[in-house]
Amino acid sequence: MKSVEEQLALIKRGAEEVLVESELVEKLKRGQPLRIKAGFDPTAPDLHLGHTVLINKLRQFQDLGHQVIFLIGDFTGMIGDPSGKSATRPPLTREQVLENAETYKQQVFKILDPAKTEVAFNSTWMDKLTPADFIRLASQYTVARMLERDDFDKRYTTNQPIAIHEFLYPLVQGYDSVALKADVELGGTDQKFNLLMGRELQRSYGQEAQNIVTMPLLEGLDGVKKMSKSLGNYVGIQEAPGVMYSKLVSIPDTLMWRYFELLSFRSMEEIEQFRADVANGANPRDIKIKLAEEIVARFHGEEAAANAHRAAGNRMKEGELPEDLPEIEVAAAEDLPIAAVLNRAGLVKNSAQARDLLNSGAVKVDGAVVDKDFMFVLGATHVCQAGKKSFGRVTLKAE
């Protein structure tokens, strides 16, 4: 096991906050594996790179010799996390949650070591609680304290409804830490209130309080808003290798260091060397290629990553693209779906043709076939091909 100082440095890499650091240091000094918990509500069937920020941190804890608990919130998923929400989320059925949970397990083991991962479902203990147990749990916190949360406070002051079951969510998440006897809990910055609840409940139930590591919310491909499938600025971990590669090599230069810190397993020394190389004149795209290859290999294997790189770098092969590829600039105020970009760039006659080509798999971006969900990020440049004869190197510029 690494020294306490070395462990702490890796734990703090990319982290927003460690609470309470001095307590965590004392736990590390004991030289015993700690129980590290991170919970995920399976509210959707697929994960994107934003979700993997926490999973990557779990892997780092595994590599340090600690016991990782991947908690699937099949019980809390039916409540719906109110964190950051302006309205009550519709609850999912048990069947929906379990179906999504199964795909989560398949996806996370692309990062985590299955032999060193304890998979838990919070319904295991929550389904056993009696009404009296729930009343005892609810008695640990007051409504006034709940309303200290920004999201609840905003809804309360604007007369937006807050359902009673939403107050239960932080309590249930906190009780998960009691049930699992967690030493450390990981979560996004938007989860801090819930994570602190775990500390308080553990004390109430006679346990040593867990420490908290909060991780930032990963920016999407636009470099501004958090990564979200609904915003179209995401990289899905089950996307085709070529699409994943194409998206990653096209991120803004300013975003690549953030992605290296939160998504890459390269050492900080190696990343700092990349920074120095760029400062000394290296092409940022060459560095982004290293990032893209690493991430594609993680989810699809080394061969798929090599093939994606080869396809993107071999556009002139067999006359696929003309040597005098036209440079096209499209003005926009925000990210655009690929169909709109093709239309504005003049690579298709109209929106209907763009849709037809996308539906038939006849649109390529940087050598990879894309579908209608591909979002062209503001500031990005891609080589686009629509059909067999329409090509262009398209840049989406801010208007």
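Each residue, glycine too, has its Cβ placed from N, Cα and C.
Classification of Lys229 (ATP binding site) by DSSP places it in coil, neither helical nor stranded. The ATP binding site annotation in Swiss-Prot covers Lys229 and rests on sequence analysis.
What Swiss-Prot records for 336-396 is domain 'S4 RNA-binding', and it gives sequence analysis as the kind of evidence.
Only residues 6 or more beyond the boundaries of the motif ''HIGH' region' (42-51), in the same chain, are considered here, and those with a CB under 8 A from a CB of the stretch are 72-74, 77, 80-81, 92, 97-101, 103-104, 107-108, 217-218, 220, 226-229, 234-238, 263, 295. Among the features that Swiss-Prot reports, motif ''HIGH' region' is placed at 42-51.
Look at Swiss-Prot and you will find 226-230 tagged as motif ''KMSKS' region'. Residues 44, 46, 48-50, 217-220, 236 of the same chain lie 6 or more positions beyond the ends of the motif ''KMSKS' region' (226-230) yet place their CB under 8 Å from a CB of it.
There are 15 other Cβ atoms within 10 Å of the Cβ belonging to Lys229 (ATP binding site). Within the model, the motif ''KMSKS' region' (226-230) carries an average pLDDT of 82.
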